[in-house]
Amino acid sequence: MATLALSTNLVTYMTRVMHFNVSDAANQITNYMGTSFILSIVIAFLADTCIGRPKAVLISACFEIVGLGLLAIQAHSSKLKPPPCNLFDPTAHCTRIGGSDGVLLFAALYSIALGSGGIKAALPSHGADQFDEKDPKEAIQMSSFFNWFLLSGNIGSVVSLTLVVWIQDHKGWDLGFGVSCIAMIVGAMCFITGIPRYRIQVSGSNAMIEIIQVYVAAFRNRKLELPQESKELYEINRDKEAETEREFLPHRDVFRFLDKAAIVQTPPTQVSNPWKLCRVTQVENAKIILGVLPIFCCTILMTLCQAQLQTFSIQQAVTMDTKLTHSFHIPPASLSIIPIGFLVVLVPIYDRIFVPFARKITGHPTGITPLQRVGFGLLLTSVSMAIAGIVEVKRKQVARDHNMLDAIPVLQPIPISVFYLSFQFFIFGIADLFSYIGLLEFFYSQAPKGIKSIATCFLWCSMALGFFLSTIIVNVVNSATKNRTRSRGWLAGNNINRNHLNLFYWLLAILSMLNFFGYVFVAKRYNYRPQAQRSATTNRIANEDDELEDIQLCVVVGRSPVGVGVGVAVAVGVAGGEFFIVGRENGQWMGRTRAKMGAGQWMGMPKVVAVRGGRRNGLRKKIEMVVVPCRR
């Protein structure tokens, strides 16, 4: 609620009040947004290694409160901003903000960027920390948490894009920024009241350092030969560590060059040096981080498209008829309320209706996998940009038919409803529903325990690169088309009616579709993270195929003990004993079956299926079976 109105309406503030031209204002906003997401990585690192996630949230909130307060002060004082001037009047000579006033403006903006980035980094992972991933019931609840996290954010966005934007446009920017500041203070106080009640508080760890050690050790050992058997690689004794919280991951034959970090030299030298010799589990965590990078790269272009909806689409809206009734005009920055309003309705439907329905078909507890959600979102992104180009052609045609290509925005609106833009906003909003939460859940579930905040920052980092890439591509497109169009560039100048924004949208649609195909290629080849295991509860079941199938069976016990046999897996219990059978592949819950036994009854375990690539596969190859007394 506190920052969305700022990010969506900032282009208007920068042009009308601070007198930046349209393209420069768009670049300033994308730079601000990109910096916010980049700074989230810094806060995430501190949250995971030093201060913990709750403290990171509170410190970030303080920075955001200070930044919003400074913006309110500057907007209120006429001495701290340029004199009023209509930038769109060709005869006006407007002075852009500069000097100490400019320093104050950007100090406030980037203080907000730091605070907003920190909250993005620490808050989602802190909320997910309240659930135990090893408990099948809570694993499903954690997936629902991300859906409801999006819903709560959207409810705040509705208030921001209606009430706050209306206050900024009609009651003054100073009052609008002040309301946002007060809202941030209230939010911080609510968070503080919940600190004693948080169920799980994850303290700082050195997991990120351990991953860096793997890359360093692998480079230092690059000339060593890998052993033929993975058992020869270094790992601490599981039995001695059974009562500790240390995790153990099985070795996988991917990114084998990193295995050199776990080579035990003969005679052993510098064995105690963690920058020379690492555990197999450390190496596997480093492989996981390296494995998500292709997925990460494929999500950057989506944010580049989102940046256009927050900049150029707002400028389109400024030139159009914003009349909702005879007496009420919708602020252009409030157009984002359209997809957000639909999301407020769709998220509960998705979580309570679609997920259970899809779960029955796929066997996956969240309906579809996180990567499938992301893929569908990327596809809709391309569709959104294609429709945006079509709408822009329609808008310019109406302006041309009414001889209004040089009309002054706001004062001379083109006779076409601003709600034509709702198509592109709506489709991109649905794309957000799938990709945003899919990426959060994916990065959080794949990350090692000690770097959950940093892992969720893969999403924010991809968004940061997308916003920075937007600045670059706008400049590149203008330079490449400077001598090919009368407007001296597709996006040049302040008159959007003379530009070729439709061609720019279609360029992004083509790039997004190519990006989608690239994503499908890498997503099909991604192997999910195997679930961390303990030696005290692990039994290996082998057959004629010696490969490892990363599947777990977790038996959730009622009041009765459960025994598990090999071959035809069976469970024995007393009368009325109730248990759940849950399949898990590479760390992802795949299916859940409920059964009930009578007195002394032997019951064959129902076949647990795993889902890979949308197909059902029976249990095969070599299985890691874990029998864990989980909570019901």
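The backbone N, Cα and C atoms fix where each Cβ goes, and this holds for glycine too.
TrEMBL annotations:
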type	residues	note
TRANSMEM	29-47	transmembrane segment
TRANSMEM	56-75	transmembrane segment
TRANSMEM	103-123	transmembrane segment
TRANSMEM	144-167	transmembrane segment
TRANSMEM	173-195	transmembrane segment
TRANSMEM	288-309	transmembrane segment
TRANSMEM	329-350	transmembrane segment
TRANSMEM	419-444	transmembrane segment
TRANSMEM	456-477	transmembrane segment
TRANSMEM	503-522	transmembrane segment
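Tallying C-beta pairs under 8 angstroms between the transmembrane segment (103-123) and each of 29-47, 56-75, 173-195, 329-350 places 56-75 first. Counting Cβ pairs under 8 Å that are 6 or more residues apart, the transmembrane segment (56-75) and the transmembrane segment (329-350) reach fewer than 3 and are not in contact. Tallying C-beta pairs under 8 angstroms between the transmembrane segment (419-444) and each of 144-167, 288-309, 329-350, 456-477, 503-522 places 329-350 first. Only residues 6 or more beyond the boundaries of the transmembrane segment (456-477), in the same chain, are considered here, and those with a CB under 8 A from a CB of the stretch are 23, 26-27, 30-31, 33-38, 40-41, 44, 117, 120-121, 124-125, 292, 296-297, 299-308, 311, 436, 439-440, 443-444, 447, 489-491, 504, 507. Listed by sequence, the residues of this chain that lie at least six past the ends of the transmembrane segment (503-522) yet keep a Cβ under 8 A from its Cβ atoms are 294-295, 298-299, 301-302, 304-305, 308, 312, 374-375, 378-379, 381-383, 385-386, 388-389, 392, 477, 490-491. Away from its own ends, the transmembrane segment (173-195) comes close to residues 1-3, 5-6, 13, 17, 54, 57-58, 61-62, 64-65, 68-69, 71-73, 75-76, 160, 163-165, 167 of its chain (Cβ-Cβ under 8 Å, at least six residues beyond either end).
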